[in-house]
Amino acid sequence: VRVSDNRRGSLLCLIYSKLRPVSTGSSLNASVKRYELYREAVLDALRATMSRTAVVLLLQLMVVSQAFYLPGLAPVNYCRRGSDEAKCQSNVPLYVNRLNSEESVIPYEYEHFDFCKALPDNKETVVENLGQVMFGERIQPSPYKIDFLNPQKCVPVCTKVYNPTSKGDTQKLNDLKRAMNLNYYHHWIVDNMPVTWCYKVEGGSVFCATGFPVGCFVDVTSRPKDACVMDQRYKQANTYYLFNHVDLNITYHSGDGEDWGSSLNAVRVSPKSIKHVAGVNDKDSCDTVEVMGINNVLKDKLEIKYTYSVAFTKSTGNNRWSSRWDYILDSMPHANIQWFSILNSLVIVLFLSGMVAMIMLRTLHKDIARYNQIEVGEDAQEEYGWKLVHGDVFRPPRRGMLLSVLVGSGTQVFIMTLVTLLFACLGFLSPANRGALMTCAMVLYVCLGFPAGYVAARLYKSFGGEKWKTNVLLTSMLCPGIVFALFLMMNLILWYKGSSAAVPFTTLLALLALWFLVSVPLTFVGSFFGYRKRCLENPVRTNQIPRQIPEQSIYTQPLPGIIMGGVLPFGCIFIQLFFILNSIWSSQTYYMFGFLFLVFLILIVTCSETTVLLCYFHLCAEDYHWWWRSFLTSGFTSFYLFLYCVHYFVTKLSIEGVVSTMLYFGNHWLRRLFLVCTKDLQCSESGLDLRTKMVVVGVCCRHSTDSALAVRGESGTKVIFFA
């Protein structure tokens, strides 16, 4: 019977006190019988206690539980106007966000174009987090008024008049034409949900975009572009069709009979171009089938009337608030492609793992065992292969300062990526939590300056470096400085173009404050503790005279090995990369963080195994310059990533303009640097793994002519450690 120490002591004292009065003259059978009686009593008491405890635990498991959505977002309760508005609200606010285009990477605010503006009494300030500002989101109140369960038809919003003799009106109209020509999209928000535009695609399936176009254009050859292909009425050559009317359909989950009202599940929009007839009742003017075409050259006075209609639909089935994102996500590419990507990556990992296992468990083991059996004397065999470089393999690399700085920065980026993906998998960074992903990544990067300084200082000290202050300054300034310089150049271009993606000056000051007041001091603290640590000792003494490296074959030379080393890691991520690029440049919602986390783990394993494998081949070729080669082997994956971005730009996108092209490739240069920094830690891990293996190689290759038994004894100990 398992009992606590206190209870066990009490039971033993009880048994001892009951047995103690027995006289030495009594028979042994009486003592044994009395002991058995007390033992049975104690066991019965324990059984009763355990039964009561089990009943209490079962009752506790039956307690009614409550749950909440992990990001902390709660549904908003809506009800009719005049109901108990203390528990629910009747007004359904509609917000407008930036406008962007797949043909131009320059987004603009809603007010940049001549649309209807919100009334002055409705211009409430929408607080945006750091991630939203960095992504260029500019959320503002809209002039559209919606009351819950109050259908509306052809409600006028405003009327815009353009005079061809006015330069200001001509410029405003030209901006609208440019937006239609480049297929700019509105992005509206209702109840923290994107207003979606659903339409049929090839195969009969329905795709729901998280925005809808400003309008469309039919060129001089009468070929309709973009949204004009969906309606045969848009057919006049060299004409623009502005969507000045929207039909909003709001789907809600009814809460009749419950105390929480109703919640919104979806908001769908159908944009239209309507030529409103003057003198006709407003509600009837939207029933016309005549579309409003705008000539490429404005000759007469143009009047554009904006209207909207609202309808409410009660949801059926199990379409509740908790699953309201499903209809958007289900229209995205199916998860079967993701599983194919995972399977493809796993095949690569298994292939590499088999190669590494074959080399490490067979080749190295046989080499070490054969060396341990060498007899000292005339039969001693000459060292060959990787055994010859044991006295040079731990020689400090060229530009060790730069290597340690990059490895330290890679540690910072690697941990940031790992933690961010973990939070995303847990649901903290869901699409409903706008800007949370970028905010989390930036805050984590700033707070992870300590491990960056620590790793860089320890590695630099192992190289025999003494300029630790220079090391910590470069660790905290080099990579962030390059990123910030590129970011500032692109931000200046966006400022010049008047884009909403231009980060405000106050936000730039906040970023600089996070960098210099948080990240840099933490890097100094980490470097201080890292440099105080004892230097990593090499298992073998480094030769004073560097060994001459023999002439290398083509495949063992640095450049071919580096080029080959990045192929397999890129093969693990290129399918996932396609969906990520779609979410960035095609305004699609990315939510498959579980797949992304698995691919990231596979990428880590693939990079490590590729680096170890190629480093082994290079050491067998008696080339001991492995430090930078291990860094660049898997780091070259970023070059293939950039080539894929070029391929995506040419085949998938139709970006126009020099500025948009510069911004596209500037963004991907930043992502390429990010991937290189992520590989820094993976390559250094591979190098440290190789370092552990060379502990075995170096000690086993110390050929002592004085005592072969001593060499075998010492090497035998290391072989056990290796196993």
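Heads up, the Cβ atoms here are built off N, Cα and C, so glycines get one too.
Copied over from TrEMBL, here are the features:
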TRANSMEM  339-361  transmembrane segment
TRANSMEM  402-429  transmembrane segment
TRANSMEM  435-460  transmembrane segment
TRANSMEM  472-496  transmembrane segment
TRANSMEM  508-531  transmembrane segment
TRANSMEM  562-585  transmembrane segment
TRANSMEM  591-619  transmembrane segment
TRANSMEM  631-650  transmembrane segment
Does the transmembrane segment (508-531) come near the transmembrane segment (435-460), with 3+ Cβ pairs under 8 Å (pairs 6 or more apart)?
yes
Counting Cβ pairs under 8 Å that sit 6 or more residues apart, are there three or more between the transmembrane segment (339-361) and the transmembrane segment (591-619)?
yes
Go through 402-429, 435-460, 591-619, 631-650 and flag the stretch with the largest number of C-beta pairs under 8 Å relative to the transmembrane segment (562-585).
631-650
Answer key: the stretch among 402-429, 435-460, 591-619, 631-650 with most Cβ pairs under 8 A to the transmembrane segment (472-496) is 402-429
Near the transmembrane segment (435-460) in space but 6 or more residues beyond its ends, with Cβ under 8 Å, are 71, 128-135, 137, 400-401, 403-405, 407-409, 411-413, 415-417, 419-420, 423-424, 428-429, 468, 471-472, 475-476, 514-515, 518-531, 533, 536, 681, 684
